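Feature annotations, courtesy of TrEMBL:
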- 119, 120, 258, 323, 324: pyridoxal 5'-phosphate binding site (BINDING)
- 152, 287, 322, 417: substrate binding site (BINDING)
- 287: N6-(pyridoxal phosphate)lysine (MOD_RES)
Ligand SMILES: *Cc1c(COP(=O)(O)O)cnc(C)c1O
């Protein structure tokens, strides 16, 4: 543990020098900052030695726990060889091995791997690839995109252009390229006002209307398969993804799947699109790619996309995109070790009882007075809080009801992060049943305490 004056110094320096992401700093500097010093397994320890369960997987990316020996060792081994070399020109061993591995485990047909550093860039690459694919194909008018309401694909201007969350995206709208937004299949707040799920997925009609009218101008549709994460852990009804994929085929529009959150086991399968046998033209991966160890991302494409970029140098068909740390060897070495653990620990099969456990346990949440909806997909779950359960009236967002629930949970050694009024359950995949039990009990009690006060 650190000495007291140094701890105080860190707290002051944090407030003096750091600008935290997605954070109102005027509020932040009034509070005592939580400063993490180390992590072991699913627990994080702060500079006071207090331990927390990492219920948010350090922003949805940790899979096998912190300080995992196999990944640490792989990174150390690579570190003793070389930390970084560029892929602009030369290649490096871990990036080759990982590309081969990703192509092997990805849905069949996705065979080319383009690296970058984070989820936003993985999607940015996907959008640029899709756009230029059509240019190379001679379809010069296909310059627009389709995305879903409440979709989230990152914070760069390009990915914000296809983002559907007003709170984050509206302010920058003058900077965006043209995107049409289809209704999100948010069943609890059905865009068509349906009450139950035997609706024949009529919400696909909204998408088809857009495609019918504009397909000639549309390069690609981008969406998060099965779970729209940042938009509120909106879980899509069965068949929606395959319905979208069929419409993309019918109207000759590329399908980009953003599996930045859903990839690498979160939904119970390696990739979410495998649940519905859908193979996109382009797939973006990041968060869980190396178990949450280092910035790394990959955009996978089919041979069809890749081949459109081949030609004589003078034809200028080259894909002019690349980041300095593209294919970083340390990140790739960590990813290979993480994927090794999927096999060694049989991660996906061991997830099944945990997913079932969460399903059973979440039922009890439905009786809470201010819980409007509970939903789950694999080891991703969410509890939507409402001011009034009968009318589904949301809490005013300024009330920060989710933040208050999470602050209560923190008192009980659980770290979680809400999305507005939605409580997110996103533990590392290796969490045990006992720890899941404790986590869900803590969330239940925290909701009860906080919303009790507000009713
Ligand atoms: C987090 C996230 C992103 C953005 O990834 P960053 O690494 O934060 O840039 C994109 N898409 C989805 C679905 C995400 O959850």
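Even glycines carry a Cβ here, placed using N, Cα and C.
Unlike curated records, TrEMBL annotations are generated automatically.
Feature map: annotations from TrEMBL on the structure.
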{"residue": "119", "record": "pyridoxal 5'-phosphate binding site", "CB count, 10 Å": "29"}
{"residue": "120", "record": "pyridoxal 5'-phosphate binding site", "CB count, 10 Å": "22"}
{"residue": "152", "record": "substrate binding site", "CB count, 10 Å": "28"}
{"residue": "258", "record": "pyridoxal 5'-phosphate binding site", "CB count, 10 Å": "31"}
{"residue": "287", "record": "substrate binding site", "CB count, 10 Å": "27"}
{"residue": "322", "record": "substrate binding site", "CB count, 10 Å": "15"}
{"residue": "323", "record": "pyridoxal 5'-phosphate binding site", "CB count, 10 Å": "19"}
{"residue": "324", "record": "pyridoxal 5'-phosphate binding site", "CB count, 10 Å": "10"}
{"residue": "417", "record": "substrate binding site", "CB count, 10 Å": "16"}
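Checked against ligand 1, the binding-site residues 119, 120, 417 give 119, 120 in sequence order as having a Cβ less than 6 Å away from one of its atoms. Residue 324 (pyridoxal 5'-phosphate binding site) is 31 Å away from residue 417 (substrate binding site) when you measure Cα to Cα.
Pairwise Cα distances among 152, 287, 322, 417, the recorded substrate-binding residues, top out at 32 Å. Maximum C-alpha to C-alpha distance over the listed pyridoxal 5'-phosphate-binding residues 119, 120, 258, 323, 324 is 23 Å. Note: the Cα of residue 258 (pyridoxal 5'-phosphate binding site) and the Cα of residue 152 (substrate binding site) are spaced 9 Å from each other. Under the DSSP three-state reduction, residue 152 (substrate binding site) is assigned to coil, being neither helix nor strand. On a Cα basis, residue 152 (substrate binding site) lies 22 Å away from residue 323 (pyridoxal 5'-phosphate binding site). A helical conformation is recorded for residue 119 (pyridoxal 5'-phosphate binding site) in the three-state DSSP classification. According to DSSP, residue 287 (substrate binding site) is assigned to a helical segment. Cα separation, residue 322 (substrate binding site) to residue 120 (pyridoxal 5'-phosphate binding site), rounded: 13 Å.
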